[in-house]
Amino acid sequence: MTETIFTPLRFEPICQYRLWGGRRLAGWLGAPLPGDGPIGEAWLLSDRDDNPSRVSDGPLRGSTLAKLIEASPTAILGNLAPRFRRFPLLLKYLDVSAMLSVQVHPSDHQPDLIPERETAKTEGWVVLEAEPRSRIYAGLQPGVAASALRALSQATVDDALPSFTPSLGESVLIEAGDVHSLGDGVVVLEVQQNSDVTFRLYDWDHIDPKTNAHRPLQVEQALRCVNLAQGVIRPTVPQTEETGSVRRDRLLDCPHFRLWRITASVPYPVGRADTPTVLVCIDGSGNVEHDHRDFAMNKGAVLLLPAATGVCRFRPEGDATLIEIMVPHS
């Protein structure tokens, strides 16, 4: 098995029903969505017991990411292996057709709110689609108190939470403790710590058609997590690291992950030696070249380059844009 872990790996997406979802992720997954209900999330890379990613093709087809790491942690995680027993990131597409709940995630300072095998949760978004009516709520208006968050309603959300209309290509960093929501026709790529801990402050009075009831809120837990000093959150300012024939913009940078957008029409290196890298094609197409083999990357495709894979080369077909994600080595 170890030898096959040296090659790039592709995984089956895991589609998730969400009452606020839609049907637009079919275009990003390149395949029909299951059923006919709202699909809000497609989990693209998941090392979780409840929804484990499985290799979609090749000699490792059907193997979970967890089993691969268990069999050869250094081959997958490289220099991250001493710090993590499972893959540290969870990667998703979100199709938010209605509004996502106003929510917050715990930080490392609230260990009693984090279940076993979970972590704190910082996340980031890259906007892939947006409509004129789309909104992103992030942060708090100046002077907002916990009492205002406890009493959130549709009439008071805008008084408590700043918002903006997202544009294609913008990125937003949501740190643990930051209050946030988004929706009304936005599709994002989400990268986050490998955690599924969420506390809802307000759910826009949604009624879940599966239960014919409102979803539960976790107001008191959420208030314990909220950073009341967080202020207004706006899109990050891209940091351009390369220009010319290959443009490389760092969109998200935090202790838990770094994310770049790379646009080019000529071949260039991708991946790193001794650490895993995730690639997502968000526009155009091309091939990742490794060991005299081509791994196709069409719009929406995702590849994991295990640490043992090392540096590869991406050969675009015309203009193409990749997202490259890695975990900083500390």
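Every residue, even glycine, has its Cβ placed from backbone N, Cα and C.
Note that the structure is predicted; figures quoted are calculated from it, not measured.
Some features that TrEMBL has for this protein:
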type: ACT_SITE; residues: ARG200; note: active site
type: BINDING; residues: HIS105, GLU123, HIS180; note: Zn(2+) binding site
type: DOMAIN; residues: 11-113; note: domain 'Phosphomannose isomerase type I catalytic'
Other residues, Cβ within 8 Å of HIS105, GLU123, HIS180 Cβ centroid (Zn(2+) site): GLN103, VAL104, LYS121, THR122, ILE174, GLU175, ALA176, ASP178, GLN192, THR198
Greatest C-beta neighbour count within 10 angstroms, which of the binding-site residues HIS105, HIS180: HIS105
Residue distribution over DSSP helix, strand and coil in the domain 'Phosphomannose isomerase type I catalytic' (11-113): 22 helix, 31 strand, 50 coil
Rounded distance in angstrom between the Cα atoms of GLU123 (Zn(2+) binding site) and the residue listed as 'active site': 16
Rounded inter-Cα distance in Å - HIS180 (Zn(2+) binding site), ARG200 (active site): 10
Cβ neighbours within the same chain of ARG200 (active site) - under 8 Å, at least six residues apart: SER101, VAL102, GLN103, ARG215, PRO216, LEU217, GLN218, VAL219, ALA222
